[in-house]
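**Student:** What Swiss-Prot shows for this protein is this:
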- Thr89, Thr90, Glu108, Phe109, Asp133, Ala134, Asp153, Ile154, Ala155, Gln156: S-adenosyl-L-methionine binding site (BINDING)
Amino acid sequence: MSELVKISKTQFENVFQCEFNDGTVRLCTKNLAPGFSVYGERLFKVEGVEYREWNAFRSKLGGAILKGLKQNPIVKGTKVLYLGAASGTTPSHVSDIVELEGKVYGVEFSPRVVREFLLVAQHRPNLFPILADARFPQYYRTLVEDVDVLYVDIAQPDETDIAIYNAKFFLKNGGYMMMAIKARSIDVTKEPTEIYEMEVNKLKENNFDVIQVIQLDPYDKDHAMVLAKYKGK
């Protein structure tokens, strides 16, 4: 197995680069819950600090960073609403990035998956699992404060509409949305690039300035990450 030889900072706060003796380079984050691995990722201790390897093939945010994300609005102290938290793989890295000064509210619809997410959250005081349907934000509005970033990863045909609706409830004016679009969940008959353009236009029509659209191949086939800034309700 390859051994870690160097950890260095990236352009993004609290996102690091791990270099190994076989020449490979991976992303990593400081582990907010030392000793605990979330999805089988490797842990490394350097000068008393534990880091977690961040597998971009398991995380669309990790893939977007490696594919040239220009700006990561998720930093120390950020409050994030995460729709489609699943079992907590990417939310756990977001939890590392925002540290204890930030908060990550993770909405997931599947009770079975939420049980796994709860096991992750019990070691992370800044991670708040919510069992709910993201189509109905009014049911969790009392649980979530206004947030700086809305992160959306729900493989539904109406994902963009759900994202916009949640933004109206929770996203601060001037806040950011990061949305992972799965083209095949929206329309299997159209080319992915055509679908990305359609969904981006919906955002523009609903008070978002679209900053960047990143195709996530090879990390996620027929997926794109959209970064947009919210101009307000």
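Cβ atoms are placed via backbone N, Cα and C, with glycine included.
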**Student:** How many other Cβ atoms sit within 10 Å of the Cβ of Thr89 (S-adenosyl-L-methionine binding site)?
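**Tutor:** Summing over all protein chains shown, Thr89 (S-adenosyl-L-methionine binding site) has 22 other Cβ atoms within 10 Å.
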**Student:** Please find, for Thr89, Thr90, Glu108, Phe109, Asp133, Ala134, Asp153, Ile154, Ala155, Gln156 as listed binding S-adenosyl-L-methionine, the greatest distance between any two Cα atoms, in Å.
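**Tutor:** Farthest Cα pair among residues binding S-adenosyl-L-methionine: 19 Å.
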**Student:** Taking the Cβ of each of the binding-site residues and counting other Cβ atoms inside 10 Å, which one has the highest number: Glu108, Asp133, Asp153?
**Tutor:** Glu108
**Student:** Give me the long-range Cβ neighbours of Ala155 (S-adenosyl-L-methionine binding site): same chain, 6+ apart, Cβ under 8 Å, in sequence order.
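**Tutor:** Residues satisfying the criterion: Gly84, Lys182, Ser185.
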**Student:** Check Thr89 (S-adenosyl-L-methionine binding site) against DSSP and tell me helix, strand or coil, would you?
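**Tutor:** For Thr89 (S-adenosyl-L-methionine binding site) - judged by DSSP and reduced to three states - the answer is helix.
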